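For reference, TrEMBL has these:
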type	residues	note
TRANSMEM	12-30	transmembrane segment
TRANSMEM	55-74	transmembrane segment
TRANSMEM	95-114	transmembrane segment
TRANSMEM	120-139	transmembrane segment
TRANSMEM	146-162	transmembrane segment
TRANSMEM	168-190	transmembrane segment
TRANSMEM	202-224	transmembrane segment
TRANSMEM	244-265	transmembrane segment
TRANSMEM	272-292	transmembrane segment
TRANSMEM	298-318	transmembrane segment
């Protein structure tokens, strides 16, 4: 892997910003895949929602399995052999640990998703920005600078209110989503720490494999007690372009490319700064929806987007102006 020069924090931030734009599309891809699952269940005469959990679990497992294959295939090309470096035991162990954090976060988030409004999910998930700052402060045993905290607060409020004011009651589903935010914060900090001392590409491929295997196990659990015809309907779903196209886009663009770049570039950015950047994902999701499906941006979108942008500008520029 080329290591002659390390990217500047500004360049690394620009790469992470581009990744959030791709991640914004995963909202549309995931939605389209789940709509295809609902339509398949209806066509098969199954109860509404019968394929929701197995389709979601299968989507996660296949997404990361395809991502692993994509990284392996790229590493076989003559000029991209550096993408598949020799095994590193430390990177393997830490990659599996971070993959486990991501898998657990996905599990908790998707388990709670059906019970929550989109605005509540957005707000509670956005708390990972706060948790990243808190955990980073605990690990470093020092309070983050004021501009960083201001950026965190603005980004969290912007992401949380971009779909309107959330009505939070803190039932079990809300607490599960909060727990997923803690796990995502942990994965950001772990990625920052471990990719600085271990080979990030080995770290990446082991993480992909961990989520794929865990997702497959989760898929098996969702089939326990399923109604007759579920497996056949899932087979039909896998043949549909409406499911396969979003799956391939999520796997190759949002996972193989995006997560590999994160593991290569995030280590050059402060982890709290990275979390504030990642909070721009819902803004990109809204932009993509407006661009591809039409519509007029509402006041909550404009206000939330402005708060997110302000949070990123404060976190990025304020330290440079000292």
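In case you wondered, yes, glycine gets a Cβ from its N, Cα and C as well.
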Review point. At an 8 Å Cβ cut-off, counting only pairs 6 or more apart in sequence, do the transmembrane segment (244-265) and the transmembrane segment (202-224) clear the bar of 3 or more pairs?
Key: yes
Practice item. Quick one: find which recorded stretch in 12-30, 55-74, 120-139, 202-224 has the most Cβ pairs under 8 Å with the transmembrane segment (168-190). Key: 120-139
**Study point:** Interface present between the transmembrane segment (12-30) and the transmembrane segment (146-162) (three or more C-beta pairs under 8 A)
**Key:** no
Revision key, fill the gap. Most Cβ pairs under 8 Å to the transmembrane segment (95-114), of 12-30, 55-74, 272-292, goes to 55-74
Check your understanding: Cβ under 8 Å to the transmembrane segment (202-224), counting only same-chain residues 6 or more beyond its ends: which ones?
Key -> 53-54, 57-58, 60-65, 67-68, 71-72, 84-88, 91-92, 94-96, 98-100, 102-103, 106-107, 191, 194-195, 230-231, 255, 259-260, 263
Practice item. Would you kindly list the residues that approach the transmembrane segment (272-292) from elsewhere in its chain, counting only those six or more residues past its ends and only Cβ-Cβ distances under 8 Å? Key: 13, 16-17, 20-21, 23-28, 122, 126, 128-129, 132-133, 136, 144, 148, 151-152, 155-156, 158-159, 162-163, 185, 188, 192, 266, 301, 304-305, 308-309, 311-312, 315-316
Check your understanding: Going along the chain, which residues at least six beyond the ends of the transmembrane segment (55-74) come within the CB cut-off of under 8 Å?
Key -> 30, 33-34, 37, 80, 83-84, 103, 106, 110, 201, 204-205, 208-209, 211-216, 218-219, 221-222, 234, 237, 243, 247-248, 250-252, 255-256, 259-260
